[in-house]
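Before I ask anything, let me first share the structure, which is written out below as structure tokens.
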Amino acid sequence: MKTLLLTLVVVTIVCLDLGDSLICYLGYNNPQTCAPGQNLCYTKKWCDAFCLQRGKVIQLGCAATCPTTKPYEEVTCCSRDKCNPHPAQRSR
């Protein structure tokens, strides 16, 4: 009986995955589970040489802290699952 109870507890812990696993987009429609310790999703945008033709470059990912920005970059951070979709996904 004790063995059965212990087995149920272990299975429950494994199934629940007690660690807080954040899911962020790492690319267009590409959600991934972040590594342990990375509790933020981010969206970074900037213009490159093709900005007028293609629009801003967009980088999506996971981070432990919100990335620092350079003067020409825009960075947005959030802490909920899938809170950083590609801007093209939001408009659908």
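Yeah, the Cβs are placed from backbone N, Cα and C, and that goes for glycine too.
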Where Swiss-Prot annotates a disulfide for C62, which of C34, C83 is the other cysteine?
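In Swiss-Prot, C62 forms its recorded disulfide with C34.
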With reference to Swiss-Prot, which of the candidate residues C15, C41 participates in the disulphide bond with C24?
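Recorded partner, per Swiss-Prot: C41.
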The disulfide recorded in Swiss-Prot for C78 goes to which of C66, C83?
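That record, Swiss-Prot, gives the partner as C83.
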Counting across all protein chains shown, how many other Cβ atoms sit within 10 Å of the Cβ of C66 (disulfide bond)?
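Taking all protein chains shown, C66 (disulfide bond) has 15 Cβ neighbours within 10 Å.
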Measuring C-alpha to C-alpha, could you say which of the disulfide-bonded residues C34, C51, C62, C66, C83 are within 10 Å of C24 (disulfide bond)?
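The disulfide-bonded residues passing the 10 Å Cα test are C34, C62, C83.
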If we check Cα distances from C83 (disulfide bond), which of the disulfide-bonded residues C34, C41, C62, C66 wins as closest?
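Closest by Cα distance to C83 (disulfide bond) among the disulfide-bonded residues C34, C41, C62, C66: C41.
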Spatial neighbours of C78 (disulfide bond) among the disulfide-bonded residues C41, C51, C66, defined as Cα within 10 A: which are they?
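The disulfide-bonded residues passing the 10 Å Cα test are C41, C66.
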